[in-house]
């Protein structure tokens, strides 16, 4: 157990292990996401009220879901950075933040596209929408602060502090639809209850959520690997690795 | 001489935390009052931002009555943001901050003291000026009273959260712009509840719940923000 924990501190070890499971993450994620999307967009039944326009949830819900949980993952990694000074945790935060920002933007954009035919407006200053917008700003703040500080260690710790301060927003987003009377509907999935949709709708949705999770894992690993090569470019193993053409 | 040396060391070690905090507050107040320009800038900025709204949007009484509290809150928020750069900058430039980090007293309490001094010279004057601007924006007496109360609870939260951002961006070249990007998202909840309280008061609904929530923000900020700001200060100092 402890050996594993110590190994986690080594970027070189991570580089090797990531190579082994990244193909799995990628192909499984792609298959699940494509399967979920094709099923959801082409074969799932029409909504009796919204017709076909509801189908955007197969993109909207996975990206919104992931936008929030990526931030939580970053916060956990931030604690690890501050407590154990683990390089990998910081690599993860730096790798995940831009992806999180894109996912948040995607969630807001698809929400707006869906809102126009359904609510009759692109945007409304509703608690859920506003708190997602704040999340986007938080992600951008993390990205910009990280790139503004040139020293690697200081940058890691400063970003970790910022991520942890911003984590107060996550419960606000999560519960905004329950605390306030918002136009946005309550959560689609809950651990404790059966979804209110028929199985032909929620199964493909669940598939695309899982697929996007796996693909995010793949992308995060890839970005971390790239960053590892950049940061460790002066070490022997990276030089050997590059000179042998990556084998 | 050599006999006195341990005695001197003993005296400095005995400076209590409370008196160290008091010293920091007094020193910061004194140095702000010696640079009156810095003291007046946020106030003038507050006044000018408020002036822009009747001129830029609409001078109608009904519009101003409806949005006056929001305008005042946004202006107070921006004025606080503008003043945050001074919170640690001078002490950082002349090395005082490094000495503070080396003190035996806990850094987060000294940061709390510095934030208190900052609020006394920026937040408090804004609250004192707010009723005048409220009258100019045709707010009713009751709304003005509630507005001042929300500012009284809310502006310390703004200063405390701002201290984190100021500490994180200390010594960075693009510090000012980055500071707004980092801090404004965290200010939004305070703004929402601050203006929500005044709106509720104007509608004649009870404001107790809103005020309790804002007080909860304040308690949370007082207890947690100094720790984050102190951690950020150590990071920024190790960086330079």
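Just so it is clear, glycine is given a Cβ too, placed from its N, Cα and C backbone atoms.
TrEMBL annotations: computationally assigned, not manually curated.
Values in this document were obtained by computation on a predicted structure and should not be read as measured data.
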TrEMBL record, transmembrane segment, of the ranges A:201-222, A:223-244 the matching one is A:201-222
Who are the chain neighbours of the transmembrane segment (A:201-222) in space, where the CB to CB distance is under 8 Å and they lie at least 6 residues beyond its ends? 18, 21-22, 25-26, 28-37, 39-40, 43-45, 57-59, 61-63, 65-66, 69-70, 92, 95-96, 99, 103, 188-189, 195
Do the transmembrane segment (A:127-146) and the transmembrane segment (A:56-84) share at least 3 Cβ pairs under 8 Å, sequence separation 6 or more? yes
Beyond a gap of at least 6 residues from its ends, the CB atoms lying under 8 Å from the transmembrane segment (A:56-84) belong to 9, 33, 36-37, 40-41, 90, 92-93, 96-97, 99-100, 103-104, 106-107, 110-111, 113-114, 132, 135, 138-139, 142, 156-157, 159-161, 163-164, 166-167, 169-170, 173-174, 188, 204-205, 208-209, 211-213, 216
Contact set, same chain, for the transmembrane segment (A:91-115): CB under 8 Å, 6 or more residues outside the stretch: 11, 53-54, 56-57, 59-60, 63-64, 66-67, 70-71, 73-74, 77-78, 81, 121-124, 129, 132-133, 135-136, 139-140, 142-143, 146, 156, 159-160, 163, 216, 219-220, 223-224, 227-228
